[in-house]
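Features of the protein shown, as given by Swiss-Prot:
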- Trp72, Phe89: tRNA binding site (BINDING)
- Thr90: active site, nucleophile (ACT_SITE)
- 104-107: motif 'C-terminal adenosine nucleotide of tRNA' (MOTIF)
Amino acid sequence: MRVVIQRVKGAILSVRKENIGENEKELEIISEIKNGLICFLGIHKNDTWEDALYIIRKCLNLRLWNNDNKTWDKNVKDLNYELLIVSQFTLFGNTKKGNKPDFHLAKEPNEALIFYNKIIDEFKKQYNDDKIKIGKFGNYMNIDVTNDGPVTIYIDTHDINLNK
């Protein structure tokens, strides 16, 4: 599992409105956060629940904010901030051959949706239902992000030994 975590002052996620023509570009906002983290989540075809729990723990507990006296001392929960979790299979785009990305390492969409929903439920269970916002799985999304720092962290559970 891969996650790109960005510390943000705000993020707005929009999708194309339902019931409009294919050529229309009108968007509607479905998720918005103020201070917090945007987490772009890629699910590998071989990911397990242990991978998910590791990513959830890191997203909720990484100390990415300063305290009055210490740097890198507070996490999203300490500050009662929000998270926007966005499924992004393109994190497993392989570009080793040619110029067209190959996404065969990403989990199959139907299976990924079930796993993603379980991950979101666990985020809400471990933190606060009202503080977890999501994108729309499998849809085109427009995301406006105001980075804070910038602070960007990349985690790949396949780089870590999770008792595999």
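Including glycine, each Cβ sits where the backbone N, Cα and C put it.
Taking Cβ-Cβ distances under 8 Å and a sequence gap of 6 or more within the same chain, the neighbours of Trp72 (tRNA binding site) are Arg63, Leu64, Trp65, Asn66. The recorded positions under consideration are Phe89, Thr90. Their Cβ neighbour counts within 10 Å are lowest for Thr90.
As a summary of secondary structure, the motif 'C-terminal adenosine nucleotide of tRNA' (104-107) carries 0 helix, 1 strand, 3 coil according to DSSP. Taken together, the residues of the motif 'C-terminal adenosine nucleotide of tRNA' (104-107) have an average pLDDT of 97. In the three-state DSSP scheme, Thr90 (active site, nucleophile) falls into the helix class.
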